[in-house]
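Here is what TrEMBL says about this protein:
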| type | residues | note |
| --- | --- | --- |
| DOMAIN | 85-463 | domain 'Cation/H+ exchanger transmembrane' |
| DOMAIN | 657-799 | domain 'Cation/H(+) antiporter C-terminal' |
| TRANSMEM | 131-150 | transmembrane segment |
| TRANSMEM | 162-183 | transmembrane segment |
| TRANSMEM | 195-218 | transmembrane segment |
| TRANSMEM | 230-252 | transmembrane segment |
| TRANSMEM | 264-285 | transmembrane segment |
| TRANSMEM | 305-335 | transmembrane segment |
| TRANSMEM | 356-373 | transmembrane segment |
| TRANSMEM | 385-407 | transmembrane segment |
| TRANSMEM | 414-436 | transmembrane segment |
| TRANSMEM | 448-468 | transmembrane segment |
Amino acid sequence: MTRLLQTHSWLQTSNGWKEEFDPPPILQQNMVDVTMNNNTISFPIFCQSIQQSHPVGIFNGGNPLAHSFSLIMFNLILNTLITRSLQVLLKPLKQPVIISQIIGGMIVGPSFLGQSRWFQRHMMTESTQFIMRNLGVMGFMFFLFMYGVRMDPTLLRKSGKLHVSTAFISITIPMVTAFVVALCMRKNMDKEMALIPSLGSISGYLGITAFPVLYHILKEFNLLNSDMGRSALSIALIGDSFGMLCIMAFEASSQGETKMINTLWYMISFVGLMAFLMFCVRPAMIWINNNTPEGHPVQQSFVVAIFLGALVMGFLTDMFGIAIANGPVFLGLVIPDGPRVGATIVQKTETIMADILLPFSFIMVGSYTDFYAMSASGWSSLEPLIVMVITGYVLKFFSTWIVLHFWRMPLREGLTLSLTLSLRGHIELILFVHWMDKNILHIPDFTLLVLMTTILTATFAPLINILYDPTKPYMVNQRRTIQHNPPDEELRIVLCILDTETINGFIRLLDISNPNSSSPLSISVVRLAELVARANPLFLDHEKQRVPPNYQWTNTINALTQHQQHKGMLMKLHFFTAVTPKQTMFRDICELALEQEASLIILPFKSSSDVHNHSVNSQVLNTAPCSVAIFVDKGLPDINNIGSSSTSFRRSQYRFAVLFLGGGDAREALVYADRMVANQDVSLTVIRFLSRNFKGYNEIEKKLDDGIVTWFWVKNEINQRVVYREVLVSNGEETIEEIQAMNDGAFDLLIVGRKHGINPILLTGLSEWSESDELGLIGDYVSSADFFGSASVLVVQQQILRG
């Protein structure tokens, strides 16, 4: 079986680089003369055997490297191994994943392994490269489709003046300046690059910051819901919208270079597609979203139809000349983001896109990247492009920084945001490939742009990590604890809800926190939802903003509101919703506590197997600007029902116990318990653990412990509902024995300090027993299933001053 195939490679000559025909084994060669404008040019035509797709097996004499499908699999495996290895090596240097992906593509391209004639002849055959490049285009196409699904265009309406002005100035100044520079050097450019639409497209790329690029890098660095991350995404979203209009305008003008009527047809096609998506596809997507029950997946037939729609949109936009990648983006934008449809699409697409298709995209980029071709092309041919790019990059950075300085952003934050908005990535690579298809760029130009993109991102990304600490705002010098909260002022609490199962326990905990007329409770209730199938994190104040239907939690709000109405003026509630990545939920909690000047954050504790819950709790404990309490609910009784039963076996009071092992956390726990015991329905037992011969104590901590215990005892000396006693222990084993001895199984709540300031002698030998570090050694023990009784547990950590 044979086919006629024209293949090419780059050959170095004394005059630079030229294309040379260098096919695999040739069956027959002929020369064909073509006459154009009285000039005759001879072209070689090769008759070459087509590559079989599947091997017959090495035991039958087959060579797996002589078959296209085997080579495609081998290239995918090789690229994946190289990329993953580079990720491990570059991670300590704070490099984003895209740097490893670009370098991995370069290594399997003509710049490195491609220099080997054996590798080029056997691993990068023309048929293999043809298939891989098409798979690479599909990878970029689905990458943009996923970006469209995650995007919420309505956020444009919520952009502030700082975001709009920064986006406008940081785009127009570098774009216009680079365009002017290009016009001045136009005579030194290739014919295709020197065209006005080509220069406009390249200038536009230099000014625009692509939203998908920032999203992926900020997500990788866990900065999506930081102040800098939110500002960067808002500015990039505006820039993307402006850039899309510019690119469409330049594309339209390039369509009209041959006939002006082509521009008209281009615009009609574009408007028609947009109308179809908005008025036909969008309502259908909303219907699917609304008719999918919460917590259930979207029907498989709908998912298949949406994936097919992405391919259809790519085909239509490519047919109309709008560019193949634009169609999937437009379709993605009309799909509702967030749970249900958006989440299903992302879940079913992400792995295939990221781990199967995108590697081919970077192999394609690497196959076009040839450092030897760039170095041999000469400075004169690359000079205009180099000057344009450097001018654009420098002005992009400084124009952004100056605008942010005008808005009085601190110098360090402004510098970090300017660096972030200068990052480059996937979208730029897609543009470079598109320009190669349009013959605007050639191999040397393409290589130069990829190299400068890689250098810029590889330089700026670690600088962002060095300069920006997202937890710095939580470092406060003021004491925000229950112990230091004035007794005649309201106690401000941040209550964190990860799911509705914890709400009843939280309501009862708030009850026993004893809101009263002299010290009412002001509670900021925040519902934390995972960021799924959307790019922008959300933080919504229910008094000022409308909550999207996908993130409403009406039943929980109603339950809390009814309880607040029962308490009247003794309890105030303020509701918030945070939609954010799991890894950075703690930042929204800490930021809310900081803004509300809270003295306490209350977190739920679920089973020890819930890694997500433990991660959030641990991060809040490490960064909180106030005290933190973790509540392990085992069925705390309702205080309003105590004593209401007519049975003679009813209990008249809650029974609480404080296990006081010393340190700041134990002092905070004791003060919280003192607030609770002011309720007439609460009885309290305080047990202080001391080491024999008083060994191992920090003198300062010991004096503070003595002071708070004395204060508590003097205050409650005549209170018949309070019992205080001390026990002496020599090690952790005796501590556990004393806890077991005092536990009769009838306590309703055990309150314990987490770990800070505890005499280590009291815990000797217990560290290997711990399963949940966020509860501390004693908290983990008394909350375990092995501990006798059904007492709920409240583990308290006093604020750690970090400023």
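Placement of Cβ uses the backbone N, Cα and C atoms for every residue, glycine included.
All annotation found in TrEMBL is predicted automatically rather than curated by experts.
Of the Cβ pairs linking the transmembrane segment (162-183) with the transmembrane segment (385-407) and spaced 6 or more residues apart, 3 or more are under 8 Å, so the two regions touch.
Here the domain 'Cation/H(+) antiporter C-terminal' (657-799) has, by DSSP, the following mix of helix, strand and coil residues: 63 helix, 33 strand, 47 coil. Residues 248, 251-252, 255-256, 306, 309, 313, 316-317, 320-322, 327, 330-331, 333-336, 341 of the same chain sit 6 or more residues outside the transmembrane segment (264-285) yet have a Cβ under 8 Å from a Cβ within it. Ranking 131-150, 305-335, 356-373, 385-407, 414-436 by CB pairs under 8 A with the transmembrane segment (195-218) puts 414-436 at the top. Computed over the domain 'Cation/H(+) antiporter C-terminal' (657-799), the whole-number mean pLDDT of the model equals 92.
For the transmembrane segment (305-335), the partner stretch with the highest count of Cβ pairs under 8 angstroms, out of 356-373, 385-407, 414-436, is 414-436. Remote same-chain residues near the transmembrane segment (356-373) are listed as 10, 12, 17, 75-76, 79-80, 83, 101-102, 104-111, 114-115, 124, 129, 132-133, 135-140, 142-143, 429, 432-433, 436, 443-444, 446-447, 450-451 (criterion: CB distance under 8 Å, separation of at least six residues from the stretch ends).
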